Amino acid sequence: MTTITITRPDDWHVHLRDGDVLKDTVRDISRYMGRAIIMPNLIPPVIDTESALSYRERIIAQGPQGNFSPLMVIYLTDNTSAEEIHKAKASGHVYAAKLYPAGATTNSDSGVTSIDHIRPALQAMQEAGMQLLIHGEVTAHDIDIFDREKVFLETVLAPIVEQFPNLRMVLEHITTADAVEFVTNAGPNVGATITAHHLMFNRNHMLVGGIRPHFYCLPILKRNIHQDALVKAATSGNPKFFLGTDSAPHAQGRKESACGCAGSYTAHAAIELYAEVFEAADALDKLEAFSSFNGPDFYNLPRNTDTITLKKESWNVPETMAFGGDEVVPIRAGEAMLWKVI
């Protein structure tokens, strides 16, 4: 197969940042994505409807390509009220609220310290039909970083699912076979996004032969048995699993340092990266559902009606890309890609 035409895909988890870098991140995400769920972990975080709508206007002001639509998210804190949830839902532009356990990832210090603090907000979300997006890791210092997702499933997520059975929730950027099993066996209100980099790489790619900081992300890359489970889930056709890049840019100097930031940039070639994974798994026929159908179906939104075409054509990823006044090193920098959007 040398060309594939699929319904225009969406990205159900992306970081665009803010300020002078927006022109670059919006350029890349809108190149062929129809919609994207925009992460709210700015400084300061997007904690209410007003700040979400303001952020949306800043994104649109960059002149995204095509008919790209940013779908906004508010950042849950210990103080998020039920009233704010209903206000956000009524705005027509806020599609979800994000649960960051405090300290779990980049700019999550204002996140939730205990689920007990957000029960009224979760109840309001269940009533309003708003999605809960979850960074599924515990943050206790005595829990090994490679085990934090598994422990979260057992100690935090399972009780939420039990206590709020009608709350639709997305376990984002899953990284373990445990998460695949949890989502598969949960009811129809639990879905998951899977990133391209967690499908393509495991912790050996990051650590063997030298530390490669551009593979460092959170949740951290796991061993290959978990990578294999993710590939099987993504290519299975199960509608619970869908595309979410978690493309998370940092300036080159903030990655290549003694204390580098977590995040991998993939928005420059997202669907091309996924296409390589699906081709290697002999599952190109499942790419459209994963990329273009399962996400909007889970969110109860219409599927896109136009298409994009990928061609089996080699092209080289730039070594660096513009990122405001800095540069970002994209995933597969300097390497050849196998598929190209034409």
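Every residue, even glycine, has its Cβ placed from backbone N, Cα and C.
According to Swiss-Prot, the substrate binding site annotation covers H15, L16, R17, N41, H135, L218, H250, A262. Taken from Swiss-Prot, the feature N6-carboxylysine applies to K98, supported by sequence analysis. Annotated Zn(2+) 2 binding site per Swiss-Prot: K98, H135, H173, in sequence order. Per Swiss-Prot, the feature active site maps to D246; the stated evidence is sequence analysis.
Separating the Cα atoms of H135 (substrate binding site) and the residue listed as 'active site' is a whole-number distance of 11 Å. For the recorded site, K98 (N6-carboxylysine), the DSSP three-state label reads strand.
Close to H173 (Zn(2+) 2 binding site), meaning Cα to Cα within 10 A, are the following recorded positions out of H15, L218, D246, H250: L218, D246.
The closest partner of K98 (N6-carboxylysine) among the recorded positions, by CA position, is D246; the full candidate set was L16, R17, D246, H250.
Between the listed binding-site residues, namely L16, L218, A262, the fewest other CB atoms within 10 angstroms of a CB are found at A262. Distances between the Cα of the residue listed as 'active site' and those of the binding-site residues H15, L16, A262 are shortest for H15.
Under 8 Å, Cβ to Cβ, and six or more positions away along its own chain, H15 (substrate binding site) finds T25, I38, M39, N41, D246, S247, A248, P249, G263.
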